[in-house]
Amino acid sequence: MASKPLVFVTGNANKLKEVKYILFQGGNPIEIENQAVDLPEIQGTTTEVARDKCRRAAEALGTACITEDTALGFNALKGLPGPYIKYFLEALGHEGLNKMLAGFEDKTADAICTFAYSAGPGTEPIIFEGRTPGKIVPARGPGIFGWDAVFEPIEGNGLTYAEMPPEEKNKISHRYRALDKLRDFLQAEANKSQNS
């Protein structure tokens, strides 16, 4: 679809692998190139973080790019830890995330992924959000990718993200849902260009 690869700004090898896999599937594969750019990260919602990061990355790289921010919101805690999940996980681990909900019957949570796309320097990033509902469970499966071992999506047939084969996870994940919207947008833009 694209004449040159789309730049994904991340230093996270697991995210890069998933994004490449998801965007290369289907009838209009999108080739991804990685750039790890050290950018300051503001505190805010996933939308605010992704948009700011994308704007800065496009300026630094001088080209079109995508950035991502994720969140895990516990419904009993009114959406916390949300975009700060990375810090909660680093400080508390999987067991600590479960302990946060020990006093609540409601263990439901939403996994949220927000991608921002910028056509290049000086353009306002466009936001694509994906959301997958599920619940927080004691860790199951390999604990190698963030909080995957404690998140059991409703559509996961009783498996955590970590227990799922990647091809199954990548059909229902929050990341897949956001990237599917991004793919549709990029295809529509490519069609406009061809018809001009």
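Glycine too: its Cβ is placed from the backbone N, Cα and C atoms.
Annotated ITP binding site per Swiss-Prot: 10-15, Lys53, 69-70, Lys86, 145-148, Lys169, 174-175, in sequence order. In the three-state DSSP classification, Trp147 (ITP binding site) falls within coil. Sequence-distant neighbours of Trp147 (ITP binding site): residues of the same chain at least 6 apart with a C-beta under 8 Å from its C-beta are Leu72, Ile85, Leu89, His94, Leu97.
In the three-state DSSP assignment, the secondary structure recorded for Glu41 (Mg(2+) binding site) is coil. Sequence-distant contacts of Glu41 (Mg(2+) binding site), defined as residues of its own chain at least six apart whose C-beta falls under 8 angstroms from its C-beta, comprise Val49, Asp52, Lys53. Summarising the annotation, Swiss-Prot assigns Mg(2+) binding site to Glu41 and lists sequence analysis as the type of evidence.
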Neighbourhood of His174 (ITP binding site) by C-beta distance under 8 A, where only residues 6 or more apart in the same chain count: Thr70, Asp110, Ala111, Ile112, Cys113, Gly130, Arg131, Thr132
Long-range Cβ environment of Ala13 (ITP binding site), under 8 Å and at least 6 residues apart: none
